[in-house]
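Q: Here's a structure for you.
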Amino acid sequence: MKTTSEIRQAFLEFFQSKGHTIVPSSSLVPENDPTLLFTNAGMNQFKDVFLGLDKRSYNRATSSQRCVRAGGKHNDLENVGYTARHHTFFEMLGNFSFGDYFKPDAIAFAWEFLTSPQWLALPKEKLWVTVYETDDEAYDIWNREIGVPAERIVRIGDNKGAPYASDNFWQMGDTGPCGPCTEIFYDHGDHIWGGPPGSVEEDGDRFIEVWNVVFMQFNRQADGTLKKLPKPSVDTGMGLERISAVLQHVNSNYEIDIFQALIKEIASLLNVTDLDNKSLRVIADHIRSCAYLIADGVMPSNEGRGYVLRRIIRRAVRHGNILGAKSAFFYQLVPTLAKAMGQAGEILTQKQAHIQKALKAEEDQFARTLERGLALLEDALAKVENKVLSGEVAFKLYDTYGFPLDLTADVCRERSITIDEAGFEREMQAQRARAQASSNFGTDYNNVIKVDGSTEFNGYEVTECEATVVALFSNGKAVEAIQSGENAVVVLDRTAFYGESGGQVGDSGVIASEICNFEVNDTQKYGQVFGHIGQLASGTLSVGDKVKAEVNTTRRHAITLNHSATHLLHSALRQVLGDHVAQKGSLVSENSLRFDFSQGEAISKADLEEIERIINTKIRENIVVTTEVMDLESAKQKGAMALFGEKYGDRVRVVDMTAAFSVELCGGTHVKQTGEIGLFKVVSEGAVAAGVRRIEAVTGENAIGLLHQQQQILNQSAELLKADTASLVEKIQQLQEKSKKVEKELQQLKDKLAAQAGGELAKQAQQINGVNVVVQRLENVDAKALRTMVDDLKNQLGSAVIVFATQTNEKVNLIVGVTKDLTDKVNAGELVGLMAQEVGGKGGGRADMAMAGGSQPENITQALNVATNWIQAKL
């Protein structure tokens, strides 16, 4: 029996023998694709290749892609653990053709791998196939060439309510590449309920889809019509867990070797004997998605990807609680998972300490969150009417506090209270709708700037070059010429202008000829071409014109200093803070650099100073910076770090600032020696998201300018304090101590005056039905003094109601004090609320003491009259 790791390796080796390049799995965080929450299919990393926006050195590829489907339209979370095949994490085996082979080879490859004795050796009579209703070509290949009998080939039409809306017709979005697909199903046997695809019993577990082969042969237009693609492509996907279940002769994915290893480890940790318990399945699934998401840089948070990760962790921990877990356990599963995943688990082994730390921190935090959620639930239950807890409250507990509905139901049941589950479900459906709306592909791929060929970039060697205009775009449309004053995008056959990527902003400069002058404000990359964005300052510019493209070298140089400094910063961060630091984003401009990186807690002042010291030491060492183009595998062996969010071809550029310190994959522009940077100075450090910190810094002239500015401030401060800069800190400390002493003396004086005033006010108390009542407007009394006066008067008068109003600038302060014996008649909070309405404010407090503020001092007299009348009515 083949293990799951052996099946994965066999798949890759089979397609490698068929001329495919093995491409490593991409990150679960989609590269340069904001339309996706997580990588959820093998084709994601090749999307731009299918769209013609990217080219690779190969036209056949194969991969085992790690995928997550939880959140958005692929929200499998609630079913996970309760069905045989729902997962938050899975591996997708795939083979891809970019304009090379098509239907005959794609179908033949799939059949050979599944049925050949050399490979998986599945019985042919166990396999069924489906084709799109009108795809006669695929039907004939299966029937006549492969030999699948007609009774095991099912045509599937538009079964989703619209043209081309079918289980057997794939489309990337409302427009763009699409086409029919053929699916291969495995028949587990008549001892299991279910019917073949297309039948009324197709949802049973007997016939299981194992492979989907998509034929991208059309380009869907905005009006819904289909146009044939000049170079049809193939995209296939086979779930590794599903095919493993078939080969390991089990009907549930949770019975395959990987899951059984995890389930046994969980049962051992939690002393569970029933290995079929659904909670074990939930935890086993969730540790896979959580560990790999953290390995790929996602951290638990309250938004986006981090929010989904947090929900998955909490669901797993909750199921651990159901099984009796008394302390953090989830993080302890990472070593078992890494071992079970075989070669695909290497990334988990490399980042094991970081993954476990993040998981344990979230487990511990959830324990505290549960306590807060219980407090909120108790408060809500105290206000329940008709013995029904609203669905909105239950959903808030679930969504905000991670409070499972079943736990809410248990607490309610103890009080004979039911939950409005229909209301809860409405809130849940609304959330799903919002998530689905935000997960759709948003690009109309027919409107992407497309130009045949590519732009030759020579900007590493030169900053100006002769070129030919190959395309012009104005207002999003291709034009033959532009006139003076027009904004446009200019595409050249070659350029020295760097197109924005890797965090580095695009170059600016001038494109000129004898008859025109085009001012370039920005340069962007559109697939393989560079777009020079700007305005024609004079003359006319036409397609075919010969021009000279000149980069603004002053700006480029400043950008280059900052980009090289980010490499030094990245390495210094890892050296000081640890190898868990990974780049999460960057912005490299002419004025400054911004670097986002994975780090849970704030960086101490000492560590920040050490990071800055290391970088400036490397700058003074004047290290020679080398660049070299090599294959991706060689670069990895050299220890090169990859940039977050960037995608790489099979040939990459390596920037080396001595192998002992900084080696990164990078397409940006860099200094020749680190000494050119001159100086590095941190401007700020702070959090930008949960688990992500940001450092902003300056280099070169900008750093020197910052130091000059800081020195000026020091000199001016020293002059004002009549001290030299060396003793400035001591002088400020002396002033602070003196200020505290004066403030204390002032407060003592205020308290003394308030006490004296209180004595006078006590003499002015009115008698209303035997109760002492003081209602007064006071001048120049702060809030603290007001409270002191109220407390003193309550002590002096014994039984009393005290109301004060005071004005500070344009603000009103109100305070009401009531002795304990009168609070059943006069509620201070209620009275101060009525007064606040008169002065345009609000407030509240206890029954014996309440305060309010307002913004209408002209109405203070009216507020005091309201108080007097209300007190008389109550007494």
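In case you wondered, yes, glycine gets a Cβ from its N, Cα and C as well.
Note that the structure is a prediction, hence the values are computed from the model and not measured.
Residues or ranges marked as Zn(2+) binding site by TrEMBL: His563, His567, Cys666, His670. Taken from TrEMBL, the feature coiled coil applies to 718-752. For 2-709, the entry in TrEMBL reads domain 'Alanyl-transfer RNA synthetases family profile'.
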Q: Please report the number of other Cβ atoms within 10 Å of the Cβ of His563 (Zn(2+) binding site).
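A: Total other Cβ atoms inside 10 Å, all chains included: 26.
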Q: Report the residues of the chain - excluding His563, His567, Cys666, His670 - with C-beta within 8 Å of the mean position of the site's C-beta atoms, for the recorded Zn(2+) site, in sequence order.
A: Ser564, Thr566, Val625, Val655, Glu664, Gly668, Thr669
Q: Helix, strand or coil for His670 (Zn(2+) binding site)? Use DSSP.
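A: Coil, per DSSP.
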Q: Let's check the environment of Cys666 (Zn(2+) binding site): how many other CB atoms sit within 10 Å of its CB?
A: 25
Q: Applying a 10 Å Cβ distance cut-off over all chains shown, what neighbour count does His567 (Zn(2+) binding site) have?
A: 27
Q: Around His670 (Zn(2+) binding site), how many other CB atoms lie within 10 A of its CB?
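A: A 10 Å sphere around the Cβ of His670 (Zn(2+) binding site) contains 25 other Cβ atoms.
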Q: Would you report the average pLDDT that the model assigns to the coiled coil (718-752)?
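A: Per the prediction, mean pLDDT sits at 86 for the coiled coil (718-752).
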